[in-house]
Structures are given as structure tokens and as C-alpha cells.
Amino acid sequence: MSNDRNAQELLKWGLANSGSTGVASFASQSVEQISADIEAGRRPDLADPNLYNAIMGKSEAQMMAEELSVAIDTSRTLPDRMTALDNFEMLIEQIDNANNMTSMKMWSPIISLLSAPEAEIQTAAAWIIGTAVQNNDKAQMAVLDFHPVAALLDLLHSHVDEVRAKAMYALSGLLKHNPAAMHQFDQLDGWNMLNMALVDPNLGLRRKTAFLINALLLQDPNSLDSQPASTSTATAIAPVSFTPPTPTAPPAPLERGPETLRTSIPHPNVARALVQSNIINTLISSLLPAHTLPDTLSPPPTGANGDSDARLDLDFAEKSAAAILTFTTKLPPSPSHPLDPTTISLFKALLVQLQAKPLDSSDPASTRWAELGIHAHDFDQFKHKIHAL
């Protein structure tokens with residue numbers, strides 16, 4: 001059955017069962033006849049726009065607008081606003097709805113909620129941003145006009161764990177393969193905030209930060225020495241054909257890269273930023289025994305009572321080790337930007353630790369590097385790099 005036929009049958013059913021005076025008698029009319037009567041003013045009982053909503057239900061765009069209206073209304077109760085934000089977040093999990101936020105001018109009010117006085121509202125707003133930009137290059141670019149990076153970095157100062165965690169979640173989605181967002185992040189010295197997050201009392205935030213650092217290294221085409229290069233794919237290239245096209249063959253579609261990679265903005269040099277901000281030193285120190293480090297490099301303990309050793313958290317240790325190994329792949333044989341003696345000594349101390357026994361005596365691995373899930377080939381490359389320093 002066609003969509004038009006479905007619409008006609010549905011409207012007829014609604015008219016027949018509406019209970020309005022004189023409506024049921026017109027149920028046998030076509031949609032075209034009824035529409036003509038409405039336009040001519042002969043059917044005021046059907047001119048109410050709420051009738052369509054009653055029959056068909058509200059569109060998701062309407063629901064988004066209504067939920068956002070409640071969320072930004074400071075006269076409403078906090079539970080009402082939180083429910084509205086939760087509903088809005090579920091709606092924009094659908095990528096088309098997330099992209100509609102731009103045409104519906106919803107980005108500005110959502111970004112403004114990041115500075116709301118209520119931590120719960122801040123958390124929900126950051127969650128919405130993170131969900132909207134997740135694997136969505138169009139949303140990643142659209143939101144940049146509203147300067148979300150600065151607002152999200154500010155939230156990393158929050159005393160509320162969940163606010164900081166959701167801010168990091170949103171940042172991770174926003175910065176993913178996005179040189180324009182990375183440029184904003186770099187200009188705002190976001191590296192300093194990442195360094196602080198690596199020693200956050202909340203171990204969950206440390207894990208998220210280490211994971212993000214590794215992701216930024218992996219997406220960066222630069223080595224430690226290279227100048228930032230544009231990652232633009234703005235020029236569309238058609239696949240090359242080695243046989244003459246037949247007259248009936250359709251033209252080959254042009255390849256179009258993600259919106260985030262269609263700018264001429266160069267990706268910042270992540271490896272160099274990690275050195276200049278001391279993030280690499282913080283990462284390495286997090287995997288070394290505290291008693292072997294100077295006070296300035298010893299990471300604070302974690303846990304509710306401040307008595308937990310982050311090295312014993314396998315998830316955090318694995319993510320930190322992965323980021324460190326990725327960093328070493330960026331080191332050229334003879335770097336023109338040599339590492340300072342402190343960083344070199346930390347690398348050599350880490351090599352010793354990774355070759356030692358696992359921290360968990362029940363782990364079947366024979367070495368710390370195997371305990372952290374590092375492949376033998378990758379560890380050999382790491383060892384070669386460190387010996388060359």
C-alpha cells in the first residue's frame with residue numbers, strides 16, 4: 001500500500017472515530033475533498049492543527065523543541081528540567097535529529113546550559129553535546145560556531161566528578177578527527193587541562209584522559225619534528241577507470257570526505273604539545289613507583305580515601321601504556337627537538353618497570369608489559385626507541 005493510501009485510510013479512520021459532530025459522515029470522502037473543504041472554510045472542525053497531532057502524533061522535531069523549552073526554563077523545577085534534558089538526549093541519539101539541532105537553532109541554548117549554576121544541568125548539557133557529535137562529522141563542525149571547547153574545558157575545574165567526566169566525554173567526541181576543534185583546543189591551552197585531568201582524584205577521569213591522549217596521537221599525521229600539515233580532503237576525487245565507460249554507465253560518484261577533514265586547518269602537533277605541557281612526563285610517572293619519583297612528578301593517590309595506587313588499576317595502566325607507546329612511534333631517529341634529560345630518565349625507568357614482573361602476582365603473564373597487554377613486537381620497538389635516546 002502506498003504512503004498516500006495509508007494516509008487516506010488513517011485520516012478516514014480518525015474522522016470516523018473522532019466523535020465530532022458531522023465528522024463521521026464525511027469519512028468516505030477522499031483526502032483531496034476534505035482538504036478542499038478545509039481550505040474553503042467549510043470544515044472549521046478540522047482546521048485545528050492539534051487534530052493532526054492527535055491522529056498522527058508529534059514529530060520528533062516538535063518533541064525536541066518542547067523538551068528544550070522546558071530545559072531552559074529556569075522557572076521550572078530541577079527534576080522537570082532534568083527529565084526534559086534526558087528526553088532530548090535520547091532524541092538526538094538519532095543522527096538526523098542531532099543534525100537538525102543546527103537548523104532549529106538549538107546549539108546556542110544547549111551550550112549556554114554548560115554554565116548553568118546547577119551541576120546536574122551542566123552534566124546533562126555536556127552529555128547532550130557528546131552524544132550529538134559522536135561519530136557525526138556534521139554536528140562536530142556545526143557546534144564549533146558556538147565555541148564549546150572553552151566551555152567544556154571550564155567544566156574540568158568542577159568539584160563534581162560527574163560534571164568533569166561528561167565534559168571529557170564531550171571533548172573526546174568533539175576533537176575526534178577534527179583539526180578545527182583541535183585548533184580551538186590548542187589555542188585555549190587545553191593541554192594544561194589534560195595534564196591536570198591525568199592526576200585527578202577520580203580514577204575514571206584519568207582513564208578517559210589517557211584514552212583521549214592516545215586517540216589524539218593516533219589521528220595526528222605529524223611526528224615530533226614535523227610541521228603541522230593540513231589534513232584537508234576538500235578536493236573530491238573520482239575513482240580512476242581503466243576502461244572506457246559505456247554510454248549507459250552512470251557517472252562515478254565523487255568521493256567526499258568527512259566535514260571535519262574538509263578544512264585547510266592543520267592538525268596541531270600532538271607529540272610536541274605533550275612534551276611542552278609535560279603531559280608525557282605525567283603519563284610515564286603514573287606507571288612508576290611513587291617512591292622512585294621526585295615530589296614534583298609523583299602523581300597523587302586515587303580512591304574515596306585517597307589511598308589507592310593508580311598503577312594497580314589495569315584499565316588505567318593499559319590506556320596510559322598505549323598512549324606512551326604511541327608517542328614513541330612519533331620520535332624520529334635523530335630528533336631536532338630532543339627530549340629533556342628528565343623525560344629521558346623517566347622513559348628508561350619505565351623500560352625497567354615494564355621488563356619486571358607483573359604487579360598482580362596472580363596474573364599468568366611473566367612481565368609487566370605482557371600484563372598490560374602490550375604485544376611483543378610493539379614492546380621491542382619501544383625498547384629500541386628508548387635505547388636510542
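Glycine too: its Cβ is placed from the backbone N, Cα and C atoms.
According to Swiss-Prot, the protein has these features:
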- 95-134: repeat 'ARM 1' (REPEAT)
- 137-176: repeat 'ARM 2' (REPEAT)
- 179-218: repeat 'ARM 3' (REPEAT)
- 223-255: region 'Disordered' (REGION)
- 242-253: compositional bias 'Pro residues' (COMPBIAS)
- 268-310: repeat 'ARM 4' (REPEAT)
Open item on the list: I'd like to know the mean pLDDT over the repeat 'ARM 4' (268-310).
Closed with: 85
Task: Within the repeat 'ARM 2' (137-176), residues counted as helix, strand or coil by DSSP - done: 33 helix, 0 strand, 7 coil
